Amino acid sequence: MLFKNGLVFTDAGVFKRLDVRVKGERIAEIGENLPANGEPVKDLTGKKLVPGFIDIHTHGCGGCDFCDAAREAYQTMADTYLKAGVTTALGTSMTLPLEELAKIFTAYREFADNQTHGARIIGINMEGPFISVEKKGAHIAEYVVPADFEAFQKLNEASGNRIRLVDVAPEIPGNLDFIRKASKVCTVCVAHTNGGYETAMAAYEAGAVSNTHLYNAMTGFTHRAPGVVGAVFDSNTYAELICDGFHIHPAVIRSTFKELGEDRICLISDSLRAAGCPNGVYELGGQEVHVKDGKATLEDGTIAGSVIDSRIAVQRAIAFGVREEAALKAATINPAKAAKLDKDFGSITVGKMADLLVVPSFQYDLEEIYLGGQLQ
């Protein structure tokens, strides 16, 4: 396939009129005025070609949840992600008993070993149980435990060594040592933490390189107590943002992009099974979640994930005043780097997988979706 005359979002983070040649699953050539070599040609005049979105923090969608531990659920999620332009995702777990997580991760491994279609659910984001009770958010307190590296290793083995992210509250005794060990296996994220600035900086020193849903379920910023938020500002770590308009005020979204720059922010959905579904009552980690007018809360009013997808996150970020190019990086190459997936995914680069979206308008409606070079 040869894509011609499109505005291509390049790996330099800018739009440029280029041609892109795809051979098999991967991008083979990028340049100006590439000649056709007998392959099908797609004229993209007046359109944009951008990388497939990467969502590294999503619990579910389409009525299904990663913790359902069922092939049918994972396939529904994969199909639903792909319709929204999400070509790669990390299934995200909740705080549950370790033995239950083992069953979930085993079921996921069996699916991943045999997946044939839909978005790649390429690994696991383990969002618990190594978190803080004080900042548990929508997680169940009774299942929270101190970080246990041996238990983590067993869970990773159950998943087929597919844990890509693990969340840790670094203030819990022993958790910094866990970070030192786990950071050699996967990306460690500071998350659901009641620790302060110094504790977060110690976590980064120990090997944590990312922060789960910045501002939410962590200590905030003041001029005398900068908290985890201040540590993020004062470091070079990645930061997830939920850009649904409920978790974070639009002005804060804009300010965060200005403060952190365009290379450290990862737009995530933190989506629930209710994503893509009507208003109603849904389940998340053993608790009821009430969804009304796009907002998901527990019965006590605690905000509990979102019902958006990566495409909507990009749309809203742009609507909130974030530069289009910055929003795209935050939904593609930045999360790929944070999860150590950037060798094969996240940008339109020769040698990478041809996961491509044809965008006909500024509103980011999707005209065509290509996964590994194949039109979906």
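Heads up, the Cβ atoms here are built off N, Cα and C, so glycines get one too.
Curation plays no part in TrEMBL annotations; they are all automatic predictions.
What TrEMBL says about this protein:
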type	residues	note
ACT_SITE	Asp270	active site, proton donor/acceptor
BINDING	Glu127, His192, His213	Zn(2+) binding site
BINDING	Ala138, Asn216, Ala217, Arg224, His247, Ile303, Ala304, Gly305	substrate binding site
DOMAIN	49-365	domain 'Amidohydrolase-related'
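Here the features listed in TrEMBL are painted onto the structure.
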residue	record	Cβ contacts under 8 Å, 6 or more apart
Glu127	Zn(2+) binding site	His57, Thr92, Ser93, Met94, Thr95, His139, Leu165, Asp167, Ala191, His192, Thr212
Ala138	substrate binding site	Leu284, Gly285, Gln287, Val289, Leu298, Thr302, Ile303, Ala304, Gly305
His213	Zn(2+) binding site	His57, Ala191, Glu240, Leu241, Ile242, His247, Ile268, Asp270
Asn216	substrate binding site	Gly137, Ile242, His247, Ile248, Ile303
Ala217	substrate binding site	Lys135, Lys136, Gly137, Ala191, His192, Thr193
Find, for the listed binding-site residues Ile303, Ala304, the residue with the lowest Cβ contact count at a 10 Å cut-off, counting only other Cβ atoms. Ile303
Same-chain residues at least 6 positions away from Arg224 (substrate binding site) with a Cβ under 8 Å from its Cβ, in sequence order, are none
Across His192, His247, listed as binding-site residues, the smallest other-CB tally within 10 A is for His247
When a 10 Å sphere is centred on the Cβ of Asp270 (active site, proton donor/acceptor), how many other Cβ atoms does it contain? 30
